[in-house]
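Notes to accompany the following structure.
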Amino acid sequence: MAIYWIVSYSILVFCFFELAMINQASEAKTKILINYFFLIGVFALILFAGIRGPDSGMDDSQYVGFFHDFSRQTGMTGYQAVANIYRYENFFMVLAWVASCFTHESYFFLLFISFIAVSTNAWVYKKYSPLILCSLCLYSAHLFINKDMNQIRFGLCSAFAIAFICSLVARNYLLALLFIVLSTQSHSTGYTIVMIIPFFFIRERKYLPLVLVIASIPLGIIGGKKLFLDSLGIVPVLGERAASYSGTNFDTTSPVFGLANLKNIAFIGAFTLYYFRKGIMKEDRFVYILLIAYSIGAAVRITFSDFSIFGGRVGNLFLHTEPLLFAFLMLRIRNLLLNFFMLFSITTYYLAYNTILSAQSIMGYSVAPLFRIFS
């Protein structure tokens with residue numbers, strides 16, 4: 001597991017330079033250096049996830065086996081006949097078909113998916129984050145490990161979902177439409193991203209994000225599964241998929257006041273009180289929507305504490321806004337030592353959580369035999 005710490009801490013070193021130059025960020029030389037470090041980090045993450053081998057991600061064997069069979073079956077019976085056999089979403093199946101036109105090697109397929117997922121997240125950070133290296137560092141310590149190193153369909157779904165939210169706030173509606181289609185057709189959880197849409201039409205309220213997450217606590221104590229599972233059927237595909245987990249080994253509970261939930265509540269409260277201490281200005285709308293999305297994720301996670309496979313999956317879709325939120329928060333603080341301490345602390349927390357305290361996504365790390373140059 002040490003390799004994950006090395007990767008994230010390596011990016012963290014570059015973050016110190018970005019934070020130190022926060023007041024000179026608009027200068028050409030500073031931009032060039034930061035972009036150069038950013039590209040190195042993105043390339044490293046793509047390769048790190050793309051060349052992984054056995055005993056890395058928990059779900060890897062599922063996708064390696066899938067592509068091994070799929071790439072050979074399509075050559076004999078055609079795409080449509082084979083696609084009907086599998087339960088995977090349309091866009092993911094199309095990606096598998098495109099990859100199968102060039103190779104039958106499953107580990108090349110993982111590299112292909114890694115390139116798309118990491119590049120999409122990188123595009124979002126490059127376009128919308130004020131501190132791109134800091135966002136990339138947080139992503140590498142948590143979302144990258146949880147999603148792109150394991151749940152690759154959900155990783156694609158989440159990357160497209162955050163791109164959808166950002167594009168919608170920027171009023172790039174055609175791009176937003178493209179991203180929501182790609183998200184829902186990468187993983188059925190993507191349909192839940194529509195929960196953010198009503199908040200585009202509701203007047204900004206300073207404490208609304210905090211109200212959302214606090215209101216979810218009594219629902220979580222009662223149990224979201226008991227209250228809402230039957231209603232999930234109104235969501236295409238997702239309701240059926242969620243119901244299929246009920247009563248299985250995936251149907252587990254998590255504490256309402258667990259470490260992750262308490263961290264989310266504390267972050268929402270602290271962010272609200274500090275970032276919006278003078279109220280929500282017109283230029284704060286983008287950050288406000290990101291915080292609303294984060295609050296929805298935290299609230300869903302708490303509400304469905306009695307059905308953690310659903311609460312965790314849907315919650316994590318919205319919690320994908322965290323690397324952007326932290327970047328905006330540090331930009332407003334503008335204190336080098338405090339910012340670096342915050343970034344170091346949250347990066348360390350996530351690395352410890354994902355590799356030691358709750359290693360649910362990864363088993364370790366190895367390089368696939370296909371990519372072992374020196375063995």
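Residue numbers in this text run from 1 along the chain shown.
Every residue, even glycine, has its Cβ placed from backbone N, Cα and C.
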124-144, 208-228 - the range that Swiss-Prot marks as transmembrane segment: 208-228
In contact by Cβ distance (the transmembrane segment (31-51), the transmembrane segment (208-228); 3 or more pairs under 8 Å): no
Most Cβ pairs under 8 Å with the transmembrane segment (287-307), selected from 2-22, 93-113, 162-182, 337-357: 162-182
Best-contacting stretch, by C-beta pairs under 8 Å, relative to the transmembrane segment (162-182) and drawn from 2-22, 93-113, 309-329, 337-357: 309-329
Closest-packing stretch to the transmembrane segment (31-51), where packing means Cβ pairs under 8 Å, from 93-113, 309-329, 337-357: 93-113
Same-chain residue ranges lying at least 6 outside the transmembrane segment (337-357) that approach it to Cβ under 8 Å: 1, 4-5, 8-9, 12, 15-16, 19, 22, 134, 137-138, 141-142, 145-146, 259-260, 263, 326, 329-330
